[in-house]
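Pulled from TrEMBL:
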type: DOMAIN; residues: 7-183; note: domain 'GTP cyclohydrolase I'
type: BINDING; residues: 76, 79, 147; note: Zn(2+) binding site
Ligand SMILES: Nc1nc2c(ncn2[C@@H]2O[C@H](COP(=O)(O)OP(=O)(O)OP(=O)(O)O)[C@@H](O)[C@H]2O)c(=O)[nH]1
Ligand SMILES: [Zn+2]
(Lines of atoms letter the chains of each structure in order from A and count residues from 1; the text may use other names and numbers.)
(Lines give C-alpha, C1' and ligand atoms only; values in the text may rest on other atoms or scores of the structure.)
(Ligands and ions follow the chains in the order given, each with its own letter.)
Protein backbone atom coordinates (compact mmCIF):
# COMPACT_ATOMS: atom_id res chain seq x y z
CA UNK A 1 0.00 0.00 0.00
CA UNK A 2 1.28 3.49 -0.87
CA UNK A 3 2.01 6.06 1.85
CA UNK A 4 -0.82 8.16 0.45
CA UNK A 5 -3.39 5.39 0.74
CA UNK A 6 -2.22 4.63 4.26
CA UNK A 7 -2.45 8.33 5.14
CA UNK A 8 -6.07 8.38 3.88
CA UNK A 9 -6.87 5.52 6.24
CA UNK A 10 -5.30 7.43 9.13
CA UNK A 11 -7.35 10.49 8.23
CA UNK A 12 -10.46 8.32 8.44
CA UNK A 13 -9.39 6.91 11.81
CA UNK A 14 -8.88 10.43 13.17
CA UNK A 15 -12.42 11.36 12.06
CA UNK A 16 -13.87 8.16 13.57
CA UNK A 17 -12.16 8.99 16.87
CA UNK A 18 -14.01 12.30 16.94
CA UNK A 19 -11.20 14.64 15.95
CA UNK A 20 -10.92 17.19 13.15
CA UNK A 21 -8.13 16.14 10.76
CA UNK A 22 -8.13 19.64 9.25
CA UNK A 23 -7.23 21.50 12.41
CA UNK A 24 -3.72 22.88 12.32
CA UNK A 25 -2.04 20.42 14.66
CA UNK A 26 -3.48 17.39 12.87
CA UNK A 27 -3.13 18.55 9.28
CA UNK A 28 0.05 16.58 8.58
CA UNK A 29 -0.66 13.80 11.05
CA UNK A 30 -2.10 11.22 8.61
CA UNK A 31 1.02 11.51 6.46
CA UNK A 32 3.36 11.36 9.47
CA UNK A 33 1.50 8.45 11.04
CA UNK A 34 1.61 6.54 7.75
CA UNK A 35 5.36 7.06 7.45
CA UNK A 36 5.90 6.07 11.08
CA UNK A 37 3.84 2.90 10.70
CA UNK A 38 5.68 1.98 7.52
CA UNK A 39 9.00 2.45 9.33
CA UNK A 40 7.82 0.33 12.26
CA UNK A 41 6.96 -2.46 9.82
CA UNK A 42 9.87 -2.17 7.39
CA UNK A 43 11.14 -5.60 8.39
CA UNK A 44 8.70 -7.06 5.84
CA UNK A 45 10.72 -5.50 3.03
CA UNK A 46 14.04 -7.05 4.13
CA UNK A 47 15.56 -10.48 3.69
CA UNK A 48 18.16 -12.33 5.75
CA UNK A 49 20.57 -12.59 2.82
CA UNK A 50 20.34 -8.86 2.14
CA UNK A 51 21.01 -7.73 5.73
CA UNK A 52 23.81 -10.25 6.38
CA UNK A 53 25.41 -9.12 3.13
CA UNK A 54 28.00 -11.92 3.16
CA UNK A 55 29.52 -10.87 6.51
CA UNK A 56 30.22 -14.43 7.64
CA UNK A 57 33.92 -15.03 8.31
CA UNK A 58 35.97 -18.22 8.66
CA UNK A 59 37.26 -18.70 12.22
CA UNK A 60 38.71 -21.50 14.36
CA UNK A 61 37.06 -20.26 17.55
CA UNK A 62 34.70 -22.77 19.11
CA UNK A 63 34.01 -20.89 22.35
CA UNK A 64 30.70 -19.23 23.11
CA UNK A 65 30.14 -15.78 21.66
CA UNK A 66 27.54 -13.62 23.43
CA UNK A 67 26.05 -10.36 22.16
CA UNK A 68 24.18 -8.78 25.03
CA UNK A 69 21.67 -5.97 25.54
CA UNK A 70 20.65 -5.40 21.91
CA UNK A 71 17.80 -2.92 22.23
CA UNK A 72 14.56 -3.93 20.65
CA UNK A 73 11.43 -2.09 19.57
CA UNK A 74 8.56 -4.09 18.16
CA UNK A 75 4.79 -3.88 17.71
CA UNK A 76 2.50 -6.40 19.33
CA UNK A 77 0.35 -8.03 16.71
CA UNK A 78 -2.71 -8.06 18.96
CA UNK A 79 -3.02 -4.33 19.64
CA UNK A 80 -0.45 -2.69 17.33
CA UNK A 81 1.15 -1.14 20.40
CA UNK A 82 4.89 -1.21 21.06
CA UNK A 83 6.82 -3.67 23.14
CA UNK A 84 10.28 -2.58 24.10
CA UNK A 85 13.19 -4.45 25.57
CA UNK A 86 16.53 -6.13 25.16
CA UNK A 87 17.72 -9.16 23.29
CA UNK A 88 20.70 -11.36 24.17
CA UNK A 89 22.10 -13.76 21.57
CA UNK A 90 24.77 -16.44 22.04
CA UNK A 91 26.15 -19.01 19.65
CA UNK A 92 28.81 -21.70 19.54
CA UNK A 93 30.70 -21.18 16.29
CA UNK A 94 31.59 -24.09 14.10
CA UNK A 95 34.05 -22.75 11.56
CA UNK A 96 32.30 -19.42 10.93
CA UNK A 97 31.54 -16.23 12.81
CA UNK A 98 28.99 -13.57 11.95
CA UNK A 99 29.78 -9.84 11.70
CA UNK A 100 28.88 -8.25 15.03
CA UNK A 101 26.46 -5.62 13.70
CA UNK A 102 24.51 -8.32 11.89
CA UNK A 103 23.05 -9.63 15.15
CA UNK A 104 21.41 -6.24 15.69
CA UNK A 105 20.26 -6.17 12.07
CA UNK A 106 18.68 -9.62 12.43
CA UNK A 107 16.90 -8.50 15.63
CA UNK A 108 15.58 -5.40 13.85
CA UNK A 109 14.44 -7.19 10.72
CA UNK A 110 12.12 -9.41 12.74
CA UNK A 111 11.24 -6.80 15.41
CA UNK A 112 10.07 -4.32 12.75
CA UNK A 113 7.06 -6.47 11.98
CA UNK A 114 3.82 -7.28 13.79
CA UNK A 115 4.91 -9.78 16.41
CA UNK A 116 4.40 -11.67 19.58
CA UNK A 117 7.51 -11.90 21.71
CA UNK A 118 7.75 -15.69 21.64
CA UNK A 119 7.69 -15.87 17.83
CA UNK A 120 10.17 -13.01 17.55
CA UNK A 121 12.57 -14.89 19.86
CA UNK A 122 12.34 -18.05 17.78
CA UNK A 123 12.73 -16.25 14.43
CA UNK A 124 15.92 -14.54 15.63
CA UNK A 125 17.38 -17.83 16.92
CA UNK A 126 16.58 -19.71 13.72
CA UNK A 127 18.02 -16.94 11.54
CA UNK A 128 21.30 -16.89 13.49
CA UNK A 129 21.50 -20.67 13.22
CA UNK A 130 20.85 -20.55 9.49
CA UNK A 131 23.56 -18.01 8.69
CA UNK A 132 26.26 -19.29 11.11
CA UNK A 133 25.54 -23.05 10.99
CA UNK A 134 26.60 -22.92 14.65
CA UNK A 135 26.63 -25.89 17.05
CA UNK A 136 24.04 -24.05 19.07
CA UNK A 137 22.18 -20.76 19.37
CA UNK A 138 20.48 -19.21 22.40
CA UNK A 139 18.27 -16.13 22.43
CA UNK A 140 16.66 -14.39 25.40
CA UNK A 141 14.34 -11.39 25.12
CA UNK A 142 13.21 -9.31 28.09
CA UNK A 143 10.50 -6.82 27.16
CA UNK A 144 7.74 -4.59 28.48
CA UNK A 145 4.48 -4.45 26.56
CA UNK A 146 2.67 -1.12 26.30
CA UNK A 147 -0.59 -2.99 25.68
CA UNK A 148 -0.31 -4.14 29.31
CA UNK A 149 0.87 -0.78 30.61
CA UNK A 150 -1.17 1.93 28.85
CA UNK A 151 -4.42 -0.04 28.64
CA UNK A 152 -5.92 -3.40 29.59
CA UNK A 153 -4.59 -4.58 32.95
CA UNK A 154 -2.42 -1.42 33.28
CA UNK A 155 0.53 -3.07 34.99
CA UNK A 156 3.58 -0.83 34.79
CA UNK A 157 6.28 -3.03 36.22
CA UNK A 158 5.82 -6.46 34.76
CA UNK A 159 8.11 -7.64 32.02
CA UNK A 160 8.20 -10.81 29.99
CA UNK A 161 11.23 -13.01 29.43
CA UNK A 162 11.23 -15.48 26.56
CA UNK A 163 13.99 -17.81 25.46
CA UNK A 164 14.80 -20.21 22.65
CA UNK A 165 17.66 -22.72 22.90
CA UNK A 166 18.81 -24.58 19.81
CA UNK A 167 21.42 -27.34 19.35
CA UNK A 168 24.02 -27.58 22.12
CA UNK A 169 22.17 -25.04 24.28
CA UNK A 170 19.18 -27.34 24.29
CA UNK A 171 21.06 -30.61 24.73
CA UNK A 172 23.80 -29.59 27.15
CA UNK A 173 22.85 -28.37 30.60
CA UNK A 174 26.26 -26.81 31.38
CA UNK A 175 26.33 -24.85 28.08
CA UNK A 176 22.88 -23.47 28.80
CA UNK A 177 23.94 -22.63 32.37
CA UNK A 178 27.06 -20.81 31.16
CA UNK A 179 24.90 -18.72 28.84
CA UNK A 180 22.34 -17.86 31.52
CA UNK A 181 25.12 -16.91 33.96
CA UNK A 182 26.76 -14.63 31.37
CA UNK A 183 23.43 -13.01 30.52
CA UNK A 184 22.43 -12.34 34.11
CA UNK A 185 25.88 -11.07 35.17
CA UNK A 186 25.45 -7.33 34.76
N1 LIG B 1 2.11 -14.41 24.83
C2 LIG B 1 2.04 -13.14 24.41
N3 LIG B 1 0.93 -12.43 24.62
C4 LIG B 1 0.90 -11.16 24.21
C5 LIG B 1 1.97 -10.53 23.56
N6 LIG B 1 1.61 -9.26 23.29
C7 LIG B 1 0.35 -9.10 23.74
N8 LIG B 1 -0.10 -10.25 24.30
C9 LIG B 1 -1.37 -10.63 24.94
O10 LIG B 1 -2.34 -10.98 23.96
C11 LIG B 1 -3.58 -11.12 24.65
C12 LIG B 1 -4.75 -10.74 23.75
O13 LIG B 1 -5.89 -11.04 24.54
P14 LIG B 1 -7.40 -10.69 24.15
O15 LIG B 1 -8.26 -11.07 25.31
O16 LIG B 1 -7.69 -11.27 22.81
O17 LIG B 1 -7.35 -9.13 23.94
P18 LIG B 1 -7.74 -7.98 24.98
O19 LIG B 1 -9.18 -8.07 25.34
O20 LIG B 1 -7.28 -6.68 24.39
O21 LIG B 1 -6.84 -8.41 26.24
P22 LIG B 1 -6.35 -7.59 27.49
O23 LIG B 1 -4.97 -7.10 27.14
O24 LIG B 1 -6.32 -8.60 28.62
O25 LIG B 1 -7.30 -6.45 27.73
C26 LIG B 1 -3.44 -10.29 25.91
O27 LIG B 1 -3.38 -11.20 27.00
C28 LIG B 1 -2.07 -9.59 25.74
O29 LIG B 1 -1.44 -9.33 26.97
C30 LIG B 1 3.13 -11.33 23.34
O31 LIG B 1 4.15 -10.87 22.78
N32 LIG B 1 3.12 -12.61 23.77
ZN1 LIG C 1 -0.71 -6.14 22.73
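Keep in mind that glycine also has a Cβ here, set from the backbone N, Cα and C atoms.
Comparing the binding-site residues 76, 147 by how many other C-beta atoms lie within 10 angstroms of each C-beta, the top residue is 76. For the domain 'GTP cyclohydrolase I' (7-183), the model's average pLDDT works out to 97. In the three-state DSSP assignment, the secondary structure recorded for residue 76 (Zn(2+) binding site) is strand.
Taking the mean position of the Cβ atoms of 76, 79, 147 as the Zn(2+) site, the remaining same-chain residues with a Cβ inside 8 Å of that point are 75, 77, 78, 80, 81, 83, 145, 146, 148, 152.
Taking the Cβ of residue 79 (Zn(2+) binding site) as reference, residues of its chain lying under 8 Å away and at least six apart in sequence are, in sequence order, 147, 151. DSSP gives residue 147 (Zn(2+) binding site) a helix state.
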